[in-house]
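A.B. asks: Not my notes, these are from Swiss-Prot:
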type: DOMAIN; residues: 4-148; note: domain 'Clp R'
type: BINDING; residues: Gly208, Glu209, Pro210, Gly211, Val212, Gly213, Lys214, Thr215; note: ATP 1 binding site
type: REGION; residues: 343-551; note: region 'Linker'
type: REGION; residues: 561-770; note: region 'NBD2'
type: BINDING; residues: Gly611, Pro612, Thr613, Gly614, Val615, Gly616, Lys617, Thr618; note: ATP 2 binding site
Amino acid sequence: MIRPEKMTIKTQEALAGAQQLAARQGNGSIEPEHLLVSLLEQEGGLIAPIIQKVGGAPAALRSAADVLVKRLPQVSGATAQAYLSPALNRILDAAQREADTMKDEFVSTEHLLLGFFADRQCAAARALLDAGVSRDNVLAALMEIRGGERVTDQNPEDTYQALAKYARDLTDLARQGKLDPVIGRDDEIRRVLQVLSRRTKNNPVLIGEPGVGKTAIVEGLAQRIVSGDVPETLKDKRLVALDMGALIAGAKYRGEFEERLKAVIREVAKSEGKVILFIDELHTLVGAGAAEGAMDASNMLKPALARGELHCIGATTLNEYRKYIEKDAALERRFQQVYTGEPSVEDTIAILRGLKEKYENYHGIRIKDSAIIAAATLSDRYITDRFLPDKAIDLIDEAASRLRIEIDSMPTEIDEVERRIIQLEIEKQALLRESQDPHSLERLKKLADELEELKAKSAELKGHWQREKDIIGRVSSLRQRLEEKREEAKKAEREGNLARTAEIRYGEIPAIEKEIADRSAELEDIRKEGKMLPEEVDGELVAEIVSRWTGIPVSRMMEGEADKLVHMEDRLITRVVGQDEALVLVANAIRRARSGLSDPNRPIGSFLFLGPTGVGKTETAKALAEFLFNDDQAIVRIDMSEYQEKHTVARLIGAPPGYVGYEEGGQLTEAVRRRPYSIVLFDEIEKAHPEVFNVLLQVLDDGRLTDGQGRTVDFRNTVIIMTSNLGSQWIQQYGSSDYARMKAMVTETLKEGFKPEFLNRIDEIVIYHALPLEQIKKIVDIQVECLKQRLADRRIVLELSDKAREYLSREGYDPAYGARPLKRTIQRKIQDPLALALLEGKFQEGDTVRVDLSVSGEELVITKK
């Protein structure tokens, strides 16, 4: 009998499983048949793969073994534990002898399988032989799987066929045509080939920003190896990608991870240069598997890399390379850096054109060239925190996905007709209950006619939609077949089967292409009656996706929006009174940006609003936010009175490394990162510390700002508004009497308050005039309108007489303080007495409240009309 400590974990599990099966079936002894069933149903076991390798069918063998178990005698009412039968003891002894013969330290499941053949009279052994499993072919399969390895620990299965378990064969995937085509990147691939062909330190590491195509370069290399487009030294090599997740997952005990990694290194070394190992996210090696006193993965790889036994390609980002690899000089020197830069917009367009067919076939739609150009150019300009070509590919993918969902959904025209039918059916049922009424009968007849008409229309539309959908689906499946045939032709050509290659290329492919053309022509004929389903991704759809991602309106303007922008000043004047010059300057900047004529490397507009308090500087920013975003609170508002100290600059852009709050980011930079298209208002800018202006210089000039964490924040889609009271004394003193002198005095005051390099970067310095009495009357109307809206929620109507309006204008007018005293006057004279009257119950819902001037002309009277 084998001692338990001399069994592998899988052997112990198999025997325990056999014991449980015997107990469940009510058998008095544990037989070889129980053990065979237990071995076949083991997860991650070696027996099922061995049987498959020798040509047997594990599922059929399992069924046969189940039948044998059911035939075993059952004992009812027995409580004693089942014992090992003599037949099973003989198999276990034979397994021990097999382990000794193979010089293995532990009895493994494969030894148990060989043990079955020692007792040919055993029913389980006969079942194995009937399934085509013999001792000789099991030994041959075992040699192939184990590769001459001995069982030296209790978990040997983890180390068998390590590459098959813990790596993906990229060359095999390339042969099957499962990798996306790699366009361009010839310089980087050539550089990788040069490093791989070196005698020593032939391990390139691809370094670049996330999304620039590092993994794609390795996939391109795999495709080149398959097509033979590589130097002689690299021909017929296997490129396998190590799966770190699979390597670490399930390694419960100390040393298991190291065993697995050693097995991978051994298998690569044994291939004598035939296998090139690709480790994506190379930095994950540093610290992987390190526990108390254990080595991490990178230290285990170093000796093999240094000796040249391990051919390896790494890939990692710049930040992670600096953070993990550069700190370990011994690991860094074993790799040769290959820098991978971000491709240009032109290169990205070429890459997208190469990938176009793959995405068309997957989504079953067509992608226009205008969509590809839009994806590359718009993602480059508006999605600044990611890199080409990844962000452009994502745009195309999402646009295609959205179109596919539209094709699969019911068109709006049919949906509207169906809803109308349901509505009329409900109405019909209601009228049927009142069938005695002659008017109801007449209405019923009309309803029946309308329903019949609508149902006929619905059936016609559905038929048209279904025909379109069927043809689009058929064309999609034909395109997929075409791609499969092209891959088959490439495979046949590689294998030297030229007859099959010619048959596919000159027979099958042209036939499929002809059918695609016929179906497309049929679709065009159907669409002459009317197009119901979109089928092409165009530039406009891509622009819409960009708008959804960023909140920046880059899609083509609808007629309504264009008209809105043309009359932008008229809309703003309804909120900001008496400052026409300021509104025209702001409107021009927005129009330039939306028509695509503004400088792409600067903010949409940067303005310095000057003027006395209460004349509408901050209100202009709010009115602009309401115009652009339909929400006057959609402003990144920074009150500069909070930034009077030098150290408060850190609050704007984020604390530097080592300081508290480093992870949180800055108030300005974080707000703009989240909403790249916004209005940034720096209120009362003259109150800020001079250091703050130095931070704003690069925002105003280059439309960018680097935050405390080194990230570049894009300000090119923001409107920057700064307000200040500097020079307001001159504006009030000279006002409209001497505009030229007033402007000269204000400019002098500005030069004293701000540095010339700051003033020189501002697009427009806008001077707000003090408000005359006539303008205050207009503001009364605006303020009272707000009050009317609040009362309308309570269904109370407010009316204001002309005399009351004149009175409020006079009382609320103060040239020194602008419109703010007016707000306080309305609060004091109307809101306070009205609030008291409402609480006393003098006014109810549905009442009309009239505000008039008293006979004395000294106060307002509020009465019910």
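Note that Cβ sites are derived from N, Cα and C of the backbone, with glycine treated the same way.
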A.B. asks: Tell me the Cα distance separating Gly213 (ATP 1 binding site) from Gly611 (ATP 2 binding site), rounded to the nearest angstrom.
C.D. replies: 53
A.B. asks: Using a 10 Å cut-off on CB atoms, tell me which of the binding-site residues Val212, Val615 is the least crowded.
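C.D. replies: Result for the binding-site residues Val212, Val615: minimum number of other Cβ atoms within 10 Å at Val212.
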A.B. asks: Could you give the Cα-Cα distance between Thr618 (ATP 2 binding site) and Glu209 (ATP 1 binding site), in whole Å?
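C.D. replies: Pair distance, Cα basis, whole Å: 41 Å.
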A.B. asks: In sequence order, which residues at least six apart in the same chain have a CB under 8 Å from the CB of Glu209 (ATP 1 binding site)?
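C.D. replies: The answer is Thr317, Leu318, Glu342, Phe387.
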A.B. asks: Specify the nearest of the binding-site residues Pro612, Thr613, Gly614, Val615, Lys617 to Gly213 (ATP 1 binding site), where nearness means the distance between Cα atoms.
C.D. replies: Lys617
A.B. asks: Measuring Cα to Cα, how far is Gly614 (ATP 2 binding site) from Val212 (ATP 1 binding site) in Å?
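C.D. replies: Counting only the Cα atoms, the answer is 51 Å.
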A.B. asks: Starting from the Cβ of Gly208 (ATP 1 binding site), draw a 10 Å sphere and report how many other Cβ atoms land inside it.
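C.D. replies: Within a 10 Å radius of the Cβ of Gly208 (ATP 1 binding site) lie 21 other Cβ atoms.
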A.B. asks: For Gly211 (ATP 1 binding site), what residues in its own chain, 6 or more apart in sequence, show a Cβ-Cβ distance under 8 Å?
C.D. replies: Arg386, Phe387, Leu388, Pro389, Asp390, Lys391
A.B. asks: Measure the Cβ-based neighbour count of Lys617 (ATP 2 binding site), defined as the other Cβ atoms within 10 Å of its Cβ.
C.D. replies: 28
A.B. asks: Among the binding-site residues Thr215, Thr613, Thr618, point out the residue whose Cβ has the most other Cβ atoms within 10 Å, with all shown protein chains included in the count.
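C.D. replies: Highest number of other Cβ atoms within 10 Å: Thr618.
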A.B. asks: Over the domain 'Clp R' (4-148), what is the model's average pLDDT?
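C.D. replies: Residues in the domain 'Clp R' (4-148) carry a mean pLDDT of 77 in this prediction.
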A.B. asks: In sequence order, which same-chain residues at least six apart have a C-beta under 8 angstroms from Pro210 (ATP 1 binding site)?
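C.D. replies: Within the chain, Pro210 (ATP 1 binding site) has Cβ neighbours under 8 Å at Thr317, Arg386, Phe387, Asp390.
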A.B. asks: I need the nearest neighbour of Gly208 (ATP 1 binding site) among the binding-site residues Pro612, Thr613, Val615, Gly616, Lys617, using C-alpha distances.
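C.D. replies: Closest recorded candidate to Gly208 (ATP 1 binding site) by Cα: Lys617.
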